[in-house]
C-alpha cells in the first residue's frame, strides 16, 4: 500500500482546524479570565472608596446604622430584622407581616420594597456564622475606639460582622459591572482591545457611572449589575443569532434578580423591549432569536410577579404591555413577508407596538384602579409644563431627580468619553446606512450588526433618561463606554483599507490620552478621606431609647424616620420609599407639620394617625430665596393656597424652641431640645 505524502491535504486541513480550535479556546479563556480580573479590581476599588469615605472599620455598629441615610437605613433594617429573629423563616414572616414600618397598617415589605437582596444575604449569613464557628475561624475582630469628647465605643471588623457581610455582598455584586462592560466591549468590537477600551472608559469615569461606593444598600446597587449582565447576554444572543431553552435560561437568570431587586428595573427593561423592537423591525434579529428573547421576558415577568406577591406596579407599568406588544409583532411578522417597502413595514409595526403598549397600560391602570406609578408621569409632566404638586416638588427639587447637570457633560467630555462614543456612533451609523437597504426588505435575509444597533438604541434611551433625571446617568455612562469600544472594531473603522499598524497606533494613542485625562479622576476618588460622625443624631436616638416606650409611634421627615426605625426599632408612620400611592398620601399628612394650617387641625391629623412623637429638625424650616418653591414653606403655599396668608407652623416651632414656652404650640409639647438640631414634639 502506498504511503500518503507527509504534507497531504488531509493532514494539513486537520492541523489547521486543530490550530484554529486551540486559538479559539485560548482566546475565549483569555476573555473570561480578564473579565473576572477586572471585576475583582472593581470590587476592591469600590470597597476602598467606601472605607475611605466613612472610615467604616472604626465605627460602632450603631454608627454604621446611622451612616445608612434615608432609604438605605430602611432596607438594612429588614436584613437586621431577619438575622436577629429566632430563625430565618420567623424573620421572613416578620417582614411579610410588618406592622412597624407604617403604623396602623400591616404590609408585606417583600411586595412593596424589593427586599430580596436582604433576604438572600440574611439567609447566607446564618449558616456562614455557624460554619465559621464550627471550623474555629476568626471572622470578626473587636476593639475599643476612643472618640475624643464622645464616649468610647466597641468596633468590630471582619466578614463575621453583619454590616461587613452585607456590604461585602453588595460590592461583590457591584464588581461584576466592570466584567459585563468588558465582555460587552469585546462583543461589539470583536476585539479584546475593545473590551479594554470600554472598561478603561468605565474606570476613568467611575464617579459618573455609579454611586455604589457611597450608597451600598440602594436597590440600584443590587439590580444594575444584573441589568448590565442581562444586556451582555442579550448582545451575545443577538450577535450569534442564538435561540433555544439554554438561551432562555441564561437570559432569565439575569432578568429575574434584576426585577426582584429594584422597582425601576421594569422601566429599564421597557427601553430594552423598544430597542429590540427596532432591531427586529429592521430585520436584524431572526425570528427564532426574537422568540427566545421575548419568551425569556415573559417567563422572567411571571416569576418576578409571583415572587413579589403580585406587585401591582408590575402589571400597570409599561414593561408588561410592551412584552405582549412585541410578542404579538414577532408572531405576526411572518404574515407580513410580502410587505417589501421597509418604511411602511416599520411604521405599521410601530403603530401596532405603540397602540398595544399604551392601550394596555392605560386600560390596566384605569380598570384595576392602580396609581402607584402615577407620580413618575407627574414628574415627567412637571419637567415640561408648569404643572407641580407637593409630591413632584419632593422629587424635582432634589438634584438627583433634576435634569442632568452641565458639569456631568463637561466631565465626560474632559475624559474623551463622549467624543469617543460620538465618533464610534457616527461611524457605525454611516456604515449601517451605507450597507443596509433602508427602502426595500428581503424577509429571508437577516442583516448584520444587530447587536451593535441594539446597543446604540439602548444608549439613546439611556441618554434620554439621564438627561431627564440625573440619577439615571448610571445607565447612560456605562453604555457610552460600551459604544466607545466600537472604535476598536476594525470592520467599522476602515476595514482592509486601513493597515493594521495605523489602526493599532490610533488605538494606542486614544488609550494614552484616556490615561492622561482619566488617571486624575481615579486619584481624586481615592483622595476622598472622611470619617462618619453624627453626635446630634446619636444623642437623639439615645434619648428615644431611654425615654420612650418600645411601642411609641414616631413621625417626621422621611430620611430621619428610616434611621429611627433601624436604630431604635420604634414604629413609624412614614418612610422614604415613596413609590406607593398610600405612603404618598400619608407623607402629605405628616408634612402638614410644616404647613400653615391651624395648629389644632394638624394636631388632629397626627392623633388620627396614632403618632406619639414628631421628630423635627430646624433646617426643615429654612428658606431658599433662589428656589422658594423647593422649601416646605413654599411647597405648602402651592399645595394649600387657602392657608397661605396664615402664620407658618415652622415659625411657631422655632419660637417655642427658642423661648422654651410650650404654651405657644399647645396642644403640642417640646420634650427634647438638647442640641438645637433635633427637636422632639409630643403629640
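Residue positions begin at 1 at the first shown residue.
Cβ atoms are placed via backbone N, Cα and C, with glycine included.
Swiss-Prot tags one of the stretches 220-240, 241-261, 367-387 as transmembrane segment, and that stretch is 220-240. Looking at the stretches 446-466, 467-487, 530-550, 551-571, the one that Swiss-Prot records under the feature transmembrane segment is 467-487. Swiss-Prot assigns the feature transmembrane segment to one of the listed ranges (167-187, 587-607, 608-628), namely 167-187.
Cross-referencing 141-161, 267-287 with Swiss-Prot places the feature transmembrane segment at 267-287. Among the ranges 344-364, 638-658, 659-679, the stretch that Swiss-Prot annotates as transmembrane segment is 344-364. Outside the transmembrane segment (21-41), and at least 6 residues removed from its termini, the chain residues within Cβ reach (under 8 Å) are 175-179, 182-183, 186, 192, 195, 199. In this chain, the transmembrane segment (502-522) lies out of contact with the transmembrane segment (344-364); the count of Cβ pairs under 8 Å, excluding pairs fewer than 6 apart in sequence, is fewer than 3. If you look at the transmembrane segment (413-433) against the transmembrane segment (467-487), you find at least three C-beta pairs under 8 angstroms, all six or more positions apart, and that counts as contact.
Outside the transmembrane segment (502-522) by six or more residues, the chain places 193, 196-197, 200-201, 203-207, 411, 414-416, 420, 487-488, 490, 493-494 with a CB less than 8 A from a CB of the stretch. Outside the transmembrane segment (220-240), and at least 6 residues removed from its termini, the chain residues within Cβ reach (under 8 Å) are 114, 117, 170, 173-177, 180-181, 183-184, 187-188, 210, 212, 247, 250-251, 254-255, 257-258, 261-262, 264-265, 268-269, 272, 276, 279, 284-285, 289, 292-293, 450-451, 454-455, 458, 474-475, 478. Looking at 267-287, 298-318, 467-487, the range that has the most CB pairs within less than 8 A of the transmembrane segment (188-208) turns out to be 467-487. Panel annotation: around the transmembrane segment (267-287), residues 227, 231, 234, 238, 241, 243, 255, 258-259, 293, 297, 317-319, 322-323, 326, 329-330, 333-334, 342, 345-346, 349-350, 353, 376, 436, 441-443, 445-450, 453-454, 457-458, 461-462, 465, 475 of the same chain, lying at least six beyond its termini, place a Cβ under 8 Å from a Cβ of the stretch.
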